[in-house]
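Here is the structure we will look at.
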């Protein structure tokens, strides 16, 4: 007969093996999902879809005529279309889609505070404290904080989450740059052809 100690060690070993296999399958599945996202952003079909929606969004921005800073409006429209293309499956896309609503509530709250509260304290001391805190942080932590600020929705997230979002966010930005460059070339060509047609009208 086998002793209970041997059977317990065998069951523990099999449990550990199952646990390792499960963790490995999760890692492989996550890697496959990341690869699919990167491939999606680099596909020509996705770029054409994004370019078409971006052109529509920019047309609405140009037609509004009430935007004080068009550069900011163009950037916000391009980011919004990019977040819609990501379908809200990533943290950065959800952060971009909800950012406009948050800014609206923040402005209303700030306006209400200015009306009810007296003059605020000087911000110089606060900035000095933040600078001192930044200097005491190690170099790696400072770089991680900077990276977290660059990716929407990752300011307070741990490093694994930030890296996961970066893997998806960078190819999306690369596709955005390609689409905007192609759109700019197309619009420049259309405007130059229109200018040449007006300068040299066809014979009647």
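Each residue's number is its place along the chain shown, starting with 1.
Just so you know, glycine gets a Cβ as well, placed from its N, Cα and C.
Note that TrEMBL annotation is computational and uncurated.
Copied over from TrEMBL, here are the features:
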- 1-11: compositional bias 'Polar residues' (COMPBIAS)
- 1-33: region 'Disordered' (REGION)
- 15-24: compositional bias 'Basic residues' (COMPBIAS)
- 45-101: domain 'IBH1-like N-terminal' (DOMAIN)
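Secondary structure of the domain 'IBH1-like N-terminal' (45-101) per DSSP, as helix, strand and coil residue counts: 47 helix, 0 strand, 10 coil. Listed by sequence, the residues of this chain that lie at least six past the ends of the compositional bias 'Basic residues' (15-24) yet keep a Cβ under 8 A from its Cβ atoms amount to none. DSSP places the residues of the compositional bias 'Basic residues' (15-24) in helix, strand and coil in these numbers: 10 helix, 0 strand, 0 coil. Confidence across the domain 'IBH1-like N-terminal' (45-101), taken as the mean pLDDT and rounded to a whole number, stands at 85.
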